[in-house]
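Going by Swiss-Prot, these are the annotated features:
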TOPO_DOM  1-4  topological domain 'Cytoplasmic'
TOPO_DOM  32-37  topological domain 'Periplasmic'
TOPO_DOM  67-70  topological domain 'Cytoplasmic'
TOPO_DOM  97-100  topological domain 'Periplasmic'
TOPO_DOM  119-129  topological domain 'Cytoplasmic'
TOPO_DOM  176-207  topological domain 'Cytoplasmic'
TOPO_DOM  228-231  topological domain 'Periplasmic'
TOPO_DOM  257-266  topological domain 'Cytoplasmic'
TOPO_DOM  313-323  topological domain 'Cytoplasmic'
TOPO_DOM  376-379  topological domain 'Cytoplasmic'
TRANSMEM  5-31  transmembrane segment
TRANSMEM  38-66  transmembrane segment
TRANSMEM  71-96  transmembrane segment
TRANSMEM  101-118  transmembrane segment
TRANSMEM  130-152  transmembrane segment
TRANSMEM  156-175  transmembrane segment
TRANSMEM  208-227  transmembrane segment
TRANSMEM  232-256  transmembrane segment
TRANSMEM  267-286  transmembrane segment
TRANSMEM  290-312  transmembrane segment
TRANSMEM  324-351  transmembrane segment
TRANSMEM  355-375  transmembrane segment
Amino acid sequence: MVLQSTRWLALGYFTYFFSYGIFLPFWSVWLKGIGLTPETIGLLLGAGLVARFLGSLLIAPRVSDPSRLISALRVLALLTLLFAVAFWAGAHVAWLMLVMIGFNLFFSPLVPLTDALANTWQKQFPLDYGKVRLWGSVAFVIGSALTGKLVTMFDYRVILALLTLGVASMLLGFLIRPTIQPQGASRQQESTGWSAWLALVRQNWRFLACVCLLQGAHAAYYGFSAIYWQAAGYSASAVGYLWSLGVVAEVIIFALSNKLFRRCSARDMLLISAICGVVRWGIMGATTALPWLIVVQILHCGTFTVCHLAAMRYIAARQGSEVIRLQAVYSAVAMGGSIAIMTVFAGFLYQYLGHGVFWVMALVALPAMFLRPKVVPSC
């Protein structure tokens, strides 16, 4: 079977983020359903996030030949499916730890490699990345809403069934042959050494500290919001809709970002994100009333999207190979490592503080206001 390359790419994003829309909001619910404590759930989720960090940092850069991108996606999707199936094999904590690490290690490089494929194809034929990537966000909304509805109708066991189905669909989509194969010169790996990486961190430590705090503050939300809201009386379906609302707000801001932030610097945008973080996590710890939860979820466009846009703007202002290296550090550390570490702490804090964990997240976001890097122009 052959599929037009743009549609092939859109299908890849759709099936990946459909699966991620099941895994990210509801995996803690599945872990709780099989009898694990919040402390253990935090450890498992944290281990998974560390594996995501390592997968993105170590596996994705290994694919230096653009013509091998599709083969790499197929292999990684197959390995991800094998580990998804392995979740069915047992509920012992040691086994779950092993499977969580393997699943996330191979699941995480799929997006950067798909993005690399999109960049390669943009050089070969006209491709509107935004319109293609949008299907990933749409799929996340569908995945989280559908999972919430089915968990309400049945029970937590439907989560693993849907995840397995989603990953299998992703593999089947990747096995379809696109009309145009990726082509391009093999990218030679730069021999930068530790000194270059350390110099990069020293030069950009304020930026990295700021985004690590802002993204890391999402840990309690990613790991325990579904459990917290269900304990407050909301159905799994309602939880799915709330998560979907956050992604809808995210998509809207992505679509309007050029108009909204045209005159803002990365420093200004990081301030906006930090303020949204303090407000969002403070409200989340204070109340579970539905009107306020709607506000909390709309603020996702500030805590996540504006922070990510600020990071992209800051990185784009760097020169030469520094752009590539700083992008790698940002993706691995801010989007992976900081959330992984904070998720482990969030598990302990939720065990003993309950909703108070979200007030701690507000405190985590607060220092970002003062650590922002000095860049120009200002809005």
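Including glycine, each Cβ sits where the backbone N, Cα and C put it.
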For the topological domain 'Cytoplasmic' (1-4), residues assigned helix / strand / coil by DSSP: 0 helix, 2 strand, 2 coil
Candidates 38-66, 130-152, 156-175, 208-227, 355-375; stretch with most C-beta pairs under 8 Å toward the transmembrane segment (290-312): 208-227
Stretch-level contact, the transmembrane segment (101-118) and the transmembrane segment (232-256), CB cutoff 8 A, at least 3 pairs: no
The transmembrane segment (267-286) vs the transmembrane segment (156-175): 3 or more CB pairs under 8 Å: no
Considering the transmembrane segment (5-31), which listed stretch of 71-96, 156-175, 208-227, 324-351 counts the most C-beta pairs under 8 Å: 156-175
Top Cβ-contact partner of the transmembrane segment (324-351) among 71-96, 156-175, 208-227, 232-256 (pairs under 8 Å): 208-227
Contact ranking winner - 156-175, 208-227, 232-256 against the transmembrane segment (71-96), Cβ under 8 Å: 156-175
Average model confidence [pLDDT] within the topological domain 'Cytoplasmic' (257-266): 85
For the topological domain 'Cytoplasmic' (1-4), sequence-distant contacts whose Cβ falls under 8 Å of one of its Cβ atoms, 6 or more beyond its ends: 11, 176-179
Other parts of the chain folded back onto the topological domain 'Cytoplasmic' (67-70), taken as Cβ under 8 Å at six or more residues beyond its ends: 113, 116-117, 120, 174, 178, 181-184
Surrounding residues of the topological domain 'Periplasmic' (32-37) on its own chain - C-beta under 8 Å, 6+ positions past either end: 44, 91, 93, 155-157, 159, 227, 351
